[in-house]
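Below: the structure, in structure tokens.
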Amino acid sequence: MNNNTNSNHNDIAPEATITQNTTTSVSNDELQHITNNNNVNVQSYVGPTDSVESSSNTADEENEINSFNAQNVKDYEANVGGELPPDDELSRIESNTELSRRATRSIMNTESLLRTASQSSKPLPPMGGGKEYPPMLGSRDPYVVAFDGPDDPDHPHNYPTWKKILYCASVGLAALSVSMGSAMFSQASADIMQIYHIGWTPATLTTSLFVFGFASGPVIYGPLSELFGRKLVMVPSCLGYVCFSFAVATAKDIQTIMICRFFAGFIGAAPLVVAPAVMADMFNNRYRGTAIAIFSMLLFGGPMLAPILGAFTVKNSALGWRWTSYFCGIIGSLALFMNTFLLQETHHPLILTRRAEELRRRTGNWGIYAPHEELKLSMKEIVENNIARPLKMLFTEPILFLVSLYNAFIYGMLYLFLTAIPLIFLGEYHFVQGVAELPYLAMLIGILIGGGMIMLFEKRYIKAMEDNGGKIIPEKRLEPMMVGGFTFVIGIFWLGWTGNYPQHVHWIVPVIGAAFVGNGLMLIFLPCFNYIIDCYLLYAATALAGNTFIRSAFGAVFPLFARQMFTNLTIKWASTLLGCIGILLLPMPFVFYYYGKSLRHKSKFAFVLE
């Protein structure tokens, strides 16, 4: 049995008949639900949870799971009368008991679980009291709880705007606090070196351990949030982040700092996966892409703002380096308060489960149930679905490996600049600490512009999809990357070669180059996820799990060698090296744009539209 993700809830809809051979084929009409369902965009930061593939499934079982077909929708529309809005397939599925039950079992592979249970040789436990086993219920369908149509006020898509904004603010603040925590402590490295008599690399490890923790944490939190709900995962995560942040601030030795930094990142990582899922729970396809793009800008903005706040904090003699963690803990405490007292559960299956519980209590009919109550999760499944198969897929799928490599390089560059910017403006231009970190604002501006450009490209993508008969076009996701690759390379050379000559070049010139770098980072990073999701669809979560592993490795390692590289090679030549790597990766989106479809034809996991 597989654990599931929010992506999977929407990727398998009644209108899709998808068979898995060498290539997964989807007919034009059957794909409409997929093109309408951009819920998979949450995987940009949701990271890995599962796929509908089961390592123990036979080919027949997989076909049975994936054959949740369009006839169900036709029957439903015939019974209800008229079509439901095409942009709300999830509401349509969940508002019909039969579709809801079958969707949940298909997505979570519950059918194979039930078959395994029925075939078990283990004897049933007795009823007790000498009673015989009661007779089986007839049809279970009348007992399945579902939403009362797509306009059900309990469905998160129908929440009032103020409630959606409040919930987004709650989970968004939690995500911002964690992303800031990844970078703010980097400004304390010099003080850490002096106080604990360690070198630069061990001091930088405090940042790398945090990044590795909060980049790999979603491997666990994704499936947990799908099984137990968003809030039940968010609150303990926020609490753990606050506790370990304060533990870092009060630590007496470097070992405690290292350990607590890792656990602050790992335990506090839930907002990175749950926050986009909450947004996807509440927004339909018309607004979901915008919400996720804004969240992406927020997540990238945290590491840009954090060094500025951290530098001025460390510089202030009344505060000092410990307050970089105190501030993170305080912001995290506010997020903890909001998520504890203001956030309510938005995960659709959990809402139905609670409705079923209330109906059982108030009616006394204990046969009433929600499909989600049939599910369970084991550590074995987490390991298989989120570690073993993603790694296998990463190294056997050329599209996934190369795009993930580009994505990981960009992610590593984000944290490499925590060292590069101060070296240029503190070391070359002799700005004081705090002021030397202000150029991060230029990178932030570039990121915000990049986010706006992605929204414009999203409109182009939707129009191209409509012109193509409503069929999804994965290669169209690469257009922002084509632009971002050039702006990133231009920015790297601009920043490095102008920043190396402070006696001849005004400081504003490399600052402008930093804005180009930020713009390129955003234009490359988010479209990489969307392209992977569109290419692998049913296996998107597994593909993104593999992406997360390589991305977290790059994010953790890059800060460790950044200072030595920029010091030994000088700023201009270190930037040249990075720029040349960017040039080598530059053709990738163009190659996949023109040849991606033929590569997908040869893939065991990707799908091709027929």
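Even glycines carry a Cβ here, placed using N, Cα and C.
Model, not experiment: these values are computed from the prediction.
If you check Swiss-Prot, you get these features:
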| type | residues | note |
| --- | --- | --- |
| COMPBIAS | 47-58 | compositional bias 'Polar residues' |
| CARBOHYD | Asn3 | N-linked glycosylation site |
| CARBOHYD | Asn21 | N-linked glycosylation site |
| CARBOHYD | Asn568 | N-linked glycosylation site |
| REGION | 47-74 | region 'Disordered' |
| TRANSMEM | 165-185 | transmembrane segment |
| TRANSMEM | 209-229 | transmembrane segment |
| TRANSMEM | 231-251 | transmembrane segment |
| TRANSMEM | 262-282 | transmembrane segment |
| TRANSMEM | 292-312 | transmembrane segment |
| TRANSMEM | 323-343 | transmembrane segment |
| TRANSMEM | 408-428 | transmembrane segment |
| TRANSMEM | 437-457 | transmembrane segment |
| TRANSMEM | 478-498 | transmembrane segment |
| TRANSMEM | 507-527 | transmembrane segment |
| TRANSMEM | 530-550 | transmembrane segment |
| TRANSMEM | 573-593 | transmembrane segment |
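The transmembrane segment (292-312) and the transmembrane segment (478-498) are not in contact, since fewer than 3 Cβ pairs between them lie under 8 Å (pairs 6 or more apart in sequence).
Pairs of Cβ atoms less than 8 Å apart link the transmembrane segment (530-550) most often to 209-229, out of 209-229, 323-343, 478-498, 573-593.
If you count C-beta pairs under 8 angstroms between the transmembrane segment (507-527) and each of 231-251, 323-343, 408-428, 573-593, the highest count goes to 408-428. With a cut-off of 8 Å between Cβ atoms, the residues of this chain six or more beyond the transmembrane segment (573-593) that come close are 399, 402-403, 405-406, 409, 413, 416, 420, 475, 478-479, 481-482, 485-486, 488-489, 492-493, 495-497, 499-500, 531, 565-566, 599.
Sequence-distant contacts of the transmembrane segment (231-251) (same chain, six or more residues past either end, CB-CB distance under 8 Å): 171, 174, 177-178, 181, 185, 221, 224-225, 257, 260-261, 263-264, 267-271, 274, 322-326, 328-329, 332-333, 335-336, 339-340, 343-345. Here the Cβ of Asn568 (N-linked glycosylation site) has 10 other Cβ atoms within 10 Å, regardless of which shown protein chain they belong to.
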